[in-house]
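Below is one structure; the comments refer to it alone.
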Amino acid sequence: MAKAIEFISVCKDFNGKGIVHDLNLSIEKGNLVTLIGPSGCGKTTTLKMINRLIEPTSGTISVHGVDISRIDPVELRREIGYVIQQIGLFPHLTIEENISLVPRMKGQRKDVCVKRAYELLDVMGMDPAVFASRYPKELSGGQQQRVGVARALAADPEIILMDEPFSALDPISREQLQDEIAKLQAELQKTIVFVTHDMDEALKIADQIVLMQHGKIIQQDVPEQILRHPKNDFVRQFVGEKRFAQAATRATIEDAIVQAVTVRPHRGIAECIQLMRTRRVNGLIVTDRSGRYLGVVDAMRVLGSFADEGATAATVMDASVPVIQPGTDVAPVIALLQADGHGFLPVVDGEERLLGAVTRGSVLKLMTPTGGEVHEDAAMASV
Ligand SMILES: Nc1ncnc2c1ncn2[C@@H]1O[C@H](COP(=O)(O)OP(=O)(O)O)[C@@H](O)[C@H]1O
Ligand SMILES: [Mg+2]
């Protein structure tokens, strides 16, 4: 694969203090690579060396196979898009003029630039008819950041550098822009180097994640491998214990058992509905007098038989639901929950006595044990 950017033994000192140490990094064309690590670990310094805003103390950086120390910095920067947190739009220029600035400097015709600016606003989800003639101060932070991305794309650079571009935004704008970037990159096949300190952001958008600490690369890999095989404690901590890939392999199903709302078989349908309503569950588990499991009644079954005056829990229940026993591995339980439409499964002991239930929500929580946010679908409330 063609290399878009290559660092060979790059070091950077500031005032004699080593900040980036012997960095070797290869970025393939068309990849979105995130540089991630704690504050001060050298991410910004590394990024700025790519467009020569910072010069390395030693080593070589190549862009598309050319040693950049031999390219005029101003020329280089025109070929590389750059988006930072404080986007720095020119306040006295309209949005269209801000986006067209670099192409105009490169001598492109005005009408071509205007057309392109309109297209890019559209790509970024902003109506050109509304926004093109506005000034930056008339835009929200999220909108300004979108314009910043549009501006970086305007000269159609092969490479775009982004330094925590979304970190000052509210969570919703941030999510939206992350989606836009991932989509853009898939469509346009740009090489994007994206600095962040947010692992969720990196995992969401990256083809490759480069984890840095104290000016060194600790691990470079695809998100899946970073999650599954963090190289050391630092990576493990950075990825966070809450990630499910690792948690799932340690978890046992016992921890996912929740209390079940039970009903006796002779109870009528109206009683079942009343019980589901007051206990806020979408299903009931039918047990006999001694607590033995008999079947499952879910809201749909109940509603479907409501017209039948004589229907009871026993007559509408589904007795074919697979039951699970404590000690079962998590993986087959997930498969069963996927295959079974009720969203929950009864857990029974060796004598078929009901111990509780596992739900999609309770299993998901199990995989994010340190309180990772799991938004339970209301329809999966514990039973
Ligand atoms: N121009 C500079 N002069 C001196 N020290 C600097 C300069 N730029 C960055 N540093 C230092 O280099 C280290 C790495 O900075 P930076 O690359 O901005 O980290 P990050 O982006 O990962 O937070 C920090 O300790 C910072 O203080
Ligand atoms: Mg930084």
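Any Cβ shown, glycine's included, is placed from N, Cα and C.
In TrEMBL, annotation is done automatically, which means it is predicted and not curated.
Record features, source TrEMBL:
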DOMAIN    5-239  domain 'ABC transporter'
DOMAIN    256-312  domain 'CBS'
DOMAIN    317-374  domain 'CBS'
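When averaged over the domain 'ABC transporter' (5-239), pLDDT in the model lands at 92. Secondary structure of the domain 'CBS' (317-374) per DSSP (helix as H, G, I; strand as E, B; remaining residues coil): 17 helix, 14 strand, 27 coil.
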